[in-house]
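K.L.:
Sharing a structure below in structure tokens format, with a few things to ask.
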Amino acid sequence: MTADGMATVNNVTLSKLQSLNGIFAIYKKQGPTSADVLNMLKQKLLNEAGVANANHRKRKKQALKLGHGGTLDSTASGVLVIGIGQGTKMLTTMLTGSKKYTAVGELGKATDTLDSSGSVVQEKRYDHITREAFEEKMKEFIGEIMQVPPLYSALKKDGKRLSVLLKQGHVVEAKPARPVTVYSLSLQDFSPPLFSLDIECGGGFYVRSLVDDLGKALSSCAHVRELTRTKQGRFTLEEHVLQEERWTFRDISQSLQPCPEPTAVQKNGKRGKARDSCSQPGSECADPTLRLFTFCVI
């Protein structure tokens, strides 16, 4: 331990970590939840600074303040944007703009979660679907469309996630359809029953719902097999994300994008959660009444 009580490993101290303020992007692999990945990142940084046995879920007197913007499903991979220090309060402001995904879907099978993590609840024929018919039907899903969010999602009822309520055996009603925007949608590969899509969309959009709706529109059914987020706001998979071996003080410091000074409203926001700022066009919740943009501060 140093004289001021801060542990140091490789010249990294807790005080140095706590001096970081800004936003950066990491790669989230398939399997863990976005919250799990955030906890892994936090523990790696604290270990680098020689801080052992930190309770990363304790919200009071946090050793290190981290948050993520835009939850990725556990089965999804790709860009996960992280805020550190004051950056946790600026995630909504910094993530305005579109998101991009690549998705692999499977025709002929529908699942309760709308992806490969769920149980098959329906099987239908798909041999009548041609590439031409698929591409023609896709045109109906470009622009501003109405979309019903999946039941298994991070959306909440009475303060609890719908996915958690379902797993606990509660009866959950679907949220009403709401407007979402699809800027572009293209079919990259069509090898039935599998197909792959490139999607650019606005906030509050669910790729799982799109694939499910496409299957129904083609008189069949479908679910997402693989999903990768390739862009969120200004952060892209090719240029900005840090792989797990680069979750270090040095790499984060070099890739950190500083945040503007927070406003008085943001400074007073409870635990840094964005409120009216999420109503900005192109943000993760373009309608502040939907509260679709969430991030965790741990």
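Even glycines carry a Cβ here, placed using N, Cα and C.
Quick paste from TrEMBL:
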{"type": "DOMAIN", "residues": "58-207", "note": "domain 'Pseudouridine synthase II N-terminal'"}
{"type": "DOMAIN", "residues": "208-240", "note": "domain 'tRNA pseudouridylate synthase B C-terminal'"}
{"type": "REGION", "residues": "260-283", "note": "region 'Disordered'"}
K.L.:
How does the domain 'Pseudouridine synthase II N-terminal' (58-207) divide up by DSSP, counting helix, then strand, then coil residues?
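P.N.:
Final tally across the stretch: 27 helix, 61 strand, 62 coil.
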K.L.:
Taking residues 6+ outside the domain 'tRNA pseudouridylate synthase B C-terminal' (208-240), which of them lie with a CB under 8 Å of any CB in it?
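P.N.:
Answer is 24-25, 27, 30, 69-70, 72-73, 75-81, 94-111, 113-116, 118, 122-126, 128-129, 133-134, 137-138, 140-141, 147-150, 182, 185, 194, 197, 199-200, 255, 257.
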K.L.:
I'd like the per-state residue tally for the domain 'tRNA pseudouridylate synthase B C-terminal' (208-240) from DSSP, helix first, then strand, then coil.
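P.N.:
Per DSSP, the residues of the domain 'tRNA pseudouridylate synthase B C-terminal' (208-240) fall into 10 helix, 13 strand, 10 coil.
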K.L.:
Between 0 and 100, where does the mean pLDDT of the domain 'tRNA pseudouridylate synthase B C-terminal' (208-240) sit?
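P.N.:
Per the prediction, mean pLDDT sits at 96 for the domain 'tRNA pseudouridylate synthase B C-terminal' (208-240).
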